[in-house]
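A.B. asks: My questions will all concern the structure given below.
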Amino acid sequence: MIKKNRRCAMRRKGSQKYCSEHIIYNESSSIVNTDTKLSEDERVPCPLDGKHTVWKKNLAVHLKKCNAKPVERTEEWFSKDINVKLKNSLGETEDITRSEDKTLDEKDLYSKYIPIIEGINFEPLQYRISEHSGLQQRLNEVLIQKHALQQSSLIGNIKDAKLLSPNNTFVEFGCGKAELSRFVNLCLLDDLKQKVNNEVTLENYGYGFIDRGVNRMKMDKKILKDCLDSPIEITPRIQRTRIDIKDLDLDKFINKLQPSKIVAISKHLCGAATDLTLKSLLNSSLLSDNRDKFGGLLIAMCCRHVCSYDQLLPKSREYLAEKGFKTPDSFRILKKMVSWAVCSKKEHAKNVERLEAEHISQLDYSSRERLGFVARRLIDESRVYALKSMLSGFEVKMFWYVEKDVTLENVCLYVGQEPM
């Protein structure tokens, strides 16, 4: 496999040069099966997901069982593309898209936009490295501590913002198996055992899990078991949905959880999912008619290199335009520069000077890494600008929640009524 620079692990027939998945790449550029017994058969990309292929004669059967087959959605909170745009054009600005970059090739785009990034300076963020005693046992048990340190700091900051309470319902976006929520629950139980929370109403406690993927080893049952094993009599409501955030009607999802207050959390919410999460909150009643039900938001952001220009908040696009990034093509180059922040010089790299000279930017590793962090900060600041422009009465800020040697994706976004 040229793209991955390794051999395919699948087995092939003796009469064929390629396995069934890669037979479409045979030397004749034909997708006809070379097996003489199946000479009239043909390997074709799956219409539902072109990443895999299927024998044409089996296509009808395959389409009935393909994992990419669209599922008919019946959940009341499913609303197709509800968060692609803001409701009632909230925060919309005039279309600032320009076609001025269409005629430029990639090298010219780098030449145009690298000087802009070099001219931008930000004050360093504040470090808010916190911890929670409820995760001390986990830190003592695990050999590789980077995830536990991040979880402990995030939960410590949730507590510092006065959001770690069984009066709240925690909604984890991009939850995966909901490991962060499980440790939020353990830390909350630890606080209750130490009688840190004196005034609590346990009937409002719960969790909502949102993820578009299929996840194994989910923590839902472990959260309930942790509560059963605790001396504290508490049983949280738990509701999980497999859904893309762009299709989530948040008001209808949280309605069944019967929350007193909602706290939105996530650890490493990837790329456009962060912007869609912000849109889902802005499209809900939590930041308008039911502000008293919004406790706060605390998410660790990551992967700005897979953000989408179309999914940015309108005010984010406005901010980027003011900084010189006015077009989708300019944003595409900005995203590529963002990747330099987490793909710096590798210790084992050979022929470093030649690799640097051949790079399209003509920059060395250290320069690319430095500019990558500026580019990443620019996207983050656009989100903060948008939220501050659209929300009144809320604290909006970013901070570093762990050191860079724990994770390079160490920026946390906070929105709440309590200052931090």
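Note: Cβ is positioned from N, Cα and C throughout, glycine not excepted.
The structure displayed is predicted, hence computed values, not measured ones.
Under the heading zinc finger, Swiss-Prot lists 43-70. Look at Swiss-Prot and you will find CYS46, HIS52, HIS62, CYS66 tagged as Zn(2+) binding site, backed by sequence analysis.
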A.B. asks: Other than CYS46, HIS52, HIS62, CYS66 themselves, what residues in this chain have Cβ atoms within 8 Å of the centroid of the Zn(2+) site's Cβ atoms?
C.D. replies: PRO47, LEU48, ASP49, THR53, VAL54, LEU63, ASN67, ALA68
A.B. asks: Taking the Cβ of HIS52 (Zn(2+) binding site) as centre, how many other Cβ atoms lie within 10 Å?
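C.D. replies: A 10 Å sphere around the Cβ of HIS52 (Zn(2+) binding site) contains 14 other Cβ atoms.
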A.B. asks: Look up CYS66 (Zn(2+) binding site) in the DSSP assignment and reduce it to helix, strand or coil.
C.D. replies: coil
A.B. asks: Once the DSSP letters are reduced so that anything not helix or strand counts as coil, what is CYS46 (Zn(2+) binding site)?
C.D. replies: coil
A.B. asks: Write out the long-range same-chain contacts of CYS66 (Zn(2+) binding site), meaning residues 6 or more apart in sequence whose Cβ is under 8 Å from its Cβ.
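C.D. replies: The list for CYS66 (Zn(2+) binding site) reads CYS46, LEU48, ASP49, given in order along the sequence.
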A.B. asks: Near the Cβ of HIS62 (Zn(2+) binding site), how many other Cβ atoms are there if near means within 10 Å?
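C.D. replies: The answer is 18 other Cβ atoms.
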A.B. asks: What three-state class does DSSP give HIS52 (Zn(2+) binding site)?
C.D. replies: coil
